[in-house]
């Protein structure tokens, strides 16, 4: 009775059209709140990007660091690093990274809103629901991350708005639009940009050949779009052509990928029962949503069927050449990554369905049997929410907008005051539940975890030229402490020579006991914790480091320079050089 009454109230309130101004303000707030919710500078994912950015700013940055030096030979994010580095000449890097993260999430919010609103024939409610789903719901982790958005900036995150708009243009059969947005994406990410752009162009071509309505002008448009996408891709490859002179064996490359990136390349790893269930459930909801919309959006669904078939075919190729007949070239293409396309159109379809159902409540309360699919879809979306608190916050704002414009603006004002208070008038050390939400950790000084505390001590009490031996998950110290590291598990050079050296160091440091062969990067943590003082001394002879970072529980006779609740810093004895 209570739920149905709420739906009836919402239905009556929804008879007043949501204004464009109110919708856009809410879209902006969703992008802002998502970014602030869990933002932290120097996250784990940025370990392999920030050193390149700082080297771009200063050629003397960590000149004794193996990873930073190796990444100069070749890295897939070099244009991204250059752009951020150039911006860093005007603003400090933490500020630049935060602004770009905010812009990326705002871009995703705006792109999701307009794409869904456009495909749903102007339904602003569908657009708002899409914005919420894109910025608070996880999808499925088959070959790539579950979320469309991020709290931490990456090149693919930065281009996500372009990819969403590229897909929109592809569904609308706009060839040049696909070319423009895919080209913009390719500048930053040379794999996702041309990949998704190529898929959308191919599905347009298949549709036109099937209908036999391909014109001469459209042929020229296909050529122009292809050239637009190819130019940044060629520039990327040619910039590092010299790095391809050295190649490790295909067998070694595949072995390294199985240990370091199985979640990207090998279906046997990421198609485990739990992940398989999540993916099937999510795709089932999306399929159900599009099926319910089939009579209203026949042309759109035809385009999506062709697109889905192309993506499924690519996944099949990716599976065969990763699991059955391993092939380095196909593995490198990371074909399962392009399921991102299906994740995007799935979220759009779910949002269009939910928005359409809400439209059905305008005149009168529908029979319970018609309401249940709507409620069921909502429950599943809640199940997939990355952080329920974030999803609930957004839903409350939408409900308030539906019920009362005045209450909506008052609520936004209170939310804004709350955010300003938590970010500017609350001590960063205040972790009271109420005050820790939507509080971004933008600068190094904002970080108060054990690793950051250790880094502060290292910067203040050790020489700039003192290398560290640390655990596989302590790669943040390269930036936090501004010190060279012997190796870490997540800062991996992407050129063959650097990758081969990284693999040798990984095995020498994190598999020194060699009790079992490394099968996954997570094994390195346990292996490192088993090292003894004699192992550190032997490694010091080869890598000439001055300090060792270990857990608090690690037993050692070496001098302890610093210790907190989780980590401690050991000083190695001086060696004759």
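Placed from the backbone N, Cα and C atoms, the Cβ positions cover glycine too.
Please treat TrEMBL annotations as automatic predictions, because they have not gone through curation.
Computed from a predicted structure; not experimentally measured.
Per TrEMBL, the features are:
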| type | residues | note |
| --- | --- | --- |
| DOMAIN | 451-509 | domain 'DUF6798' |
| TRANSMEM | 23-45 | transmembrane segment |
| TRANSMEM | 90-113 | transmembrane segment |
| TRANSMEM | 177-207 | transmembrane segment |
| TRANSMEM | 219-238 | transmembrane segment |
| TRANSMEM | 300-322 | transmembrane segment |
| TRANSMEM | 334-354 | transmembrane segment |
| TRANSMEM | 366-386 | transmembrane segment |
| TRANSMEM | 392-420 | transmembrane segment |
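The average pLDDT computed over the domain 'DUF6798' (451-509) stands at 93. By the count of Cβ pairs under 8 Å, the stretch nearest in packing to the transmembrane segment (177-207) among 90-113, 334-354, 392-420 is 334-354. Scored on C-beta pairs under 8 angstroms, the neighbour of the transmembrane segment (392-420) with the top count among 23-45, 219-238, 334-354 is 23-45.
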